[in-house]
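> In case it's useful when we look at the structure, here is the feature table from TrEMBL:
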- 54-58, 124-130, 153, 246, 314, 360, 425: (6S)-NADPHX binding site (BINDING)
- 55, 120, 156: K(+) binding site (BINDING)
- 457-482: region 'Disordered' (REGION)
- 471-482: compositional bias 'Basic and acidic residues' (COMPBIAS)
Ligand SMILES: NC(=O)C1=CN([C@@H]2O[C@H](COP(=O)(O)OP(=O)(O)OC[C@H]3O[C@@H](n4cnc5c(N)ncnc54)[C@H](O)[C@@H]3O)[C@@H](O)[C@H]2O)[C@H](O)CC1
Ligand SMILES: [K+]
């Protein structure tokens with residue numbers, strides 16, 4: 001089962017893996033033709049109703065595979081209005097293949113005749129709102145016809161995620177009532193509820209497009225261009241004590257990963273140094289040179305005004321800091337990224353917080369988790385441990401494993417040069433900023449992907465001389481969709 005949004009991401013990941021969308025369209029069209037052959041023998045009359053999007057494009061391809069049939073391709077709209085290059089190229093290819101085509105500008109010109117099969121390729125997952133004309137009339141005619149109606153991907157006017165009409169239940173707008181649906185790659189959540197036989201066609205999307213993060217995962221980042229300061233996330237980094245570099249790196253990474261405001265709560269002994277690292281940070285010094293339980297109230301107060309807390313960078317592993325972490329988490333109900341020395345406390349604390357834990361394999365074992373050398377086995381172990389602790393895990397390694405206890409995603413961006421100290425602090429900060437906008441699983445997966453990409457870019461310049469401070473300023477480029 002794959003929701004529409006995830007399907008778009010997987011599709012883009014497939015393209016990055018060398019299987020471009022036009023190739024997928026070829027496989028989709030081939031699958032549609034196969035379905036037509038299953039319902040009618042050679043010579044049968046087939047009317048293909050095609051929209052201007054890629055759903056229509058699938059049917060242009062299908063028509064080429066149906067040379068043994070009496071095929072008519074009807075394009076609803078003008079050829080100039082075909083929306084994508086790949087659909088247009090397949091439209092143009094019909095002429096050379098001598099497939100009869102017609103264009104239907106308005107509903108008055110629509111007449112279906114008496115075909116044996118109608119292929120509904122008007123609208124797929126790109127539909128918005130109720131069917132407009134001429135699709136609306138075409139849907140009504142298809143529903144009234146005696147032909148077997150084969151829908152491409154999803155019946156036109158049906159929401160693939162819910163199975164509901166796109167115009168809403170109360171709207172009188174018709175949707176296509178298909179007899180059969182050929183959907184691509186995986187079952188769609190809304191199709192089960194329909195009174196139609198659903199075939200899932202494998203269109204050659206490599207399993208790696210789903211298993212690993214890729215540029216498609218960045219589609220989740222679509223930002224509202226109208227947003228104001230603060231709307232894209234406020235992050236509080238809680239760390240420092242024995243180390244000053246770690247909280248600074250996390251904070252800088254959070255800013256570069258898109259947070260609008262980043263505050264750092266740290267012992268006053270290191271506050272000046274953290275502030276010196278970047279004038280863009282708001283630094284709150286706490287009494288003393290280490291975190292202690294007496295800081296919990298103040299930090300909780302600060303945390304309440306932020307979307308996400310990044311807890312742990314540079315904290316150190318003394319008993320006072322450990323107790324601080326336990327007490328803070330016990331009373332915190334928001335979202336937090338937990339890293340480094342704060343990780344050990346997580347399995348023992350009863351908290352209502354929503355946590356994203358970012359251990360490397362050693363820290364995972366320190367938390368009570370297990371690891372394995374076989375990647376599949378390791379992924380399974382991470383998933384069950386995430387389920388056990390009730391939080392999202394991002395286990396760092398040559399291949400990172402992300403799981404919320406249910407879904408699992410692997411990330412293979414990143415360079416061996418990133419084993420240098422501090423890159424984990426950058427990752428925690430980036431995930432913190434992302435978690436202000438995305439759910440924990442996606443924030444962790446996208447964070448791992450972009451942090452690794454920033455590392456790859458830095459390594460291409462510096463090789464094993466890469467240092468963690470090379471990374472934060474490379475995040476914006478790494479977050480750009482290719
Ligand atoms: N995901 C994949 O891997 C593949 C999907 N394929 C097929 O592509 C469609 C989705 O294509 P897309 O171009 O995004 O959208 P549509 O074809 O559904 O058309 C959108 C287009 O239609 C117009 N429109 C939108 N709403 C309405 C409306 N209510 N009434 C009339 N017209 C409307 C508008 O112009 C939109 O831009 C997917 O379903 C698959 O069939 C690939 O071919 C293979 C890979
Ligand atoms: K359709």
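Including glycine, each Cβ sits where the backbone N, Cα and C put it.
Keep in mind that TrEMBL annotations are predicted by a computer and have not been checked by a curator.
Have a look at these and tell me how they're positioned relative to everything else.
Long-range Cβ neighbours of residue 128 ((6S)-NADPHX binding site) (same chain, at least 6 residues apart, Cβ-Cβ under 8 Å): 166.
For residue 156 (K(+) binding site), the same-chain residues that are 6 or more apart in sequence and have a Cβ closer than 8 Å to its Cβ are 51, 55, 120, 122, 123, 124, 127, 131, 135, 139, 175, 176.
Under 8 Å from some Cβ of the compositional bias 'Basic and acidic residues' (471-482) lie the Cβ atoms of residues 12, 16, 215, 218-219, 221, 249, 252-253, 255-258, 423, 426, 429-430, 450-451, 453-455, 457-458, all in the same chain and six or more residues away from its ends.
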> Please go through the binding-site residues 54, 55, 120, 125, 156 one by one and keep those whose C-beta falls under 6 A from any atom of ligand 1; give the result in sequence order.
54, 55, 125
> Of 54, 55, 57, 120, 156, 360, the binding-site residues listed, which put a C-beta under 6 Å from ligand 2? Please answer none if none do.
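Cβ under 6 Å from ligand 2: 55, 120, 156.
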> If you run the three-state DSSP split on residue 57 ((6S)-NADPHX binding site), which class comes out?
helix
> At 10 angstroms around each C-beta, which of the binding-site residues 54, 55, 125 has the fewest other C-beta atoms nearby?
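Checked 54, 55, 125; of these binding-site residues, fewest Cβ neighbours within 10 Å: 125.
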> I need the least crowded one of these binding-site residues (120, 153), counting other C-beta atoms within 10 angstroms of each C-beta.
153
